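Trainee: Pasting the feature list from TrEMBL:
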ACT_SITE  99  active site, proton acceptor
BINDING   11, 12, 13, 14, 15, 16, 17, 18, 122  ATP binding site
BINDING   90, 97, 98, 99, 100, 175  substrate binding site
BINDING   119  K(+) binding site
Ligand SMILES: Nc1ncnc2c1ncn2[C@@H]1O[C@H](COP(=O)(O)OP(=O)(O)O)[C@@H](O)[C@H]1O
Ligand SMILES: CC(C)(COP(=O)(O)O)[C@@H](O)C(=O)NCCC(=O)O
Ligand SMILES: [K+]
């Protein structure tokens with residue numbers, strides 16, 4: 001019987017940080033925010049930390065979180081050549097974003113077949129992994145907010161108020177709809193091309209913008225908002241087992 005212990009997964013993306021509390025494999029709660037939530041009746045035995053932010057910001061976040069949970073074991077996760085039966089496509093595996101890597105590992109274990117992973121966040125990432133756990137590679141494209149901000153920052157007259165971004169019918173007939181729906185179409189065209197190329201693959205989607213985008217896509221898919229956290233749990237537990245085995249061997253050697 002495997003021991004059930006509390007895990008806090010920290011998934012620091014470039015827009016938001018997702019804190020996911022698990023008891024064993026059961027997700028207890030997910031909080032999105034800039035500071036570590038201090039739930040009174042949840043103390044993690046171990047914290048799995050996955051950050052795509054800079055080293056400096058990640059170190060500050062590490063210190064903040066460790067101050068809230070000073071007695072929890074800490075494991076910073078990074079992309080590797082192989083883990084949990086999944087092989088990384090990158091020649092330099094550590095350069096693959098940890099969010100992408102964890103999403104690929106989780107999707108492989110969730111779907112157990114050929115799968116396309118879509119993570120619509122600050123950037124829109126798409127990764128392809130086959131049924132044997134071979135990560136075939138993937139794409140990075142600007143996220144919806146990033147596309148919109150690029151248009152606002154590089155033009156003089158694309159200006160509108162948030163309340164003007166309303167759902168409409170037919171071709172956009174306002175600046176707000178032209179931009180919002182133009183950015184959607186850019187992302188949807190990208191995804192539809194990939195769907196044509198991988199028609200037999202299952203699709204798993206995650207990320208803050210997933211629902212916005214994929215309700216429009218009309219593709220049979222599995223929406224898993226906790227995909228990266230579930231990947232962190234799989235990878236972190238494997239890392240933990242490995243270190244426990246190592247220390248056990250060490251102590252047994254010590255007793256020889
Ligand atoms: N509560 C929220 N706070 C911030 N962004 C949100 C929220 N809910 C949905 N979003 C959307 O999700 C996007 C961020 O997605 P997320 O997957 O968290 O990004 P990342 O992992 O890159 O930080 C934002 O651009 C926004 O459009
Ligand atoms: C592409 C990303 C910035 C996406 O991060 P996010 O949208 O979650 O903020 C991240 O996966 C990353 O930093 N990747 C490193 C480069 C690569 O994956 O090839
Ligand atoms: K992310």
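Yeah, the Cβs are placed from backbone N, Cα and C, and that goes for glycine too.
Here the structure is a predicted model, which means the values were calculated and not measured.
Give me the lay of the land around each of these features.
Mentor: All protein chains shown were included, and the count of other CB atoms within 10 Å of the CB of residue 99 (active site, proton acceptor) stands at 28.
Remark: residue 122 (ATP binding site) has 13, 14, 15, 143, 145, 146 as non-local neighbours, by Cβ distance under 8 Å and separation of at least 6 in sequence.
Taking all protein chains in view, 24 other C-beta atoms sit within 10 angstroms of the C-beta of residue 100 (substrate binding site).
DSSP assigns residue 119 (K(+) binding site) to a strand segment in the three-state reduction.
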Trainee: Using Cβ atoms only, which residues of the same chain lie under 8 Å from residue 97 (substrate binding site) while being at least 6 residues apart in sequence?
Mentor: 52, 79, 125
Trainee: Give me the count of other Cβ atoms within 10 A of the Cβ belonging to residue 11 (ATP binding site).
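Mentor: Around the Cβ of residue 11 (ATP binding site), 28 other Cβ atoms lie within 10 Å.
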Trainee: Reported as an integer number of Å, what is the Cα distance between residue 100 (substrate binding site) and residue 119 (K(+) binding site)?
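Mentor: About 8 Å separate the Cα atoms of these two residues.
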Trainee: Sequence order is fine: just name those binding-site residues in 11, 17, 90, 98, 175 with a Cα within 10 angstroms of residue 119 (K(+) binding site).
Mentor: none
Trainee: In whole Å, how far does the CA atom of residue 99 (active site, proton acceptor) lie from that of residue 175 (substrate binding site)?
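Mentor: Distance (Cα to Cα, whole Å): 34 Å.
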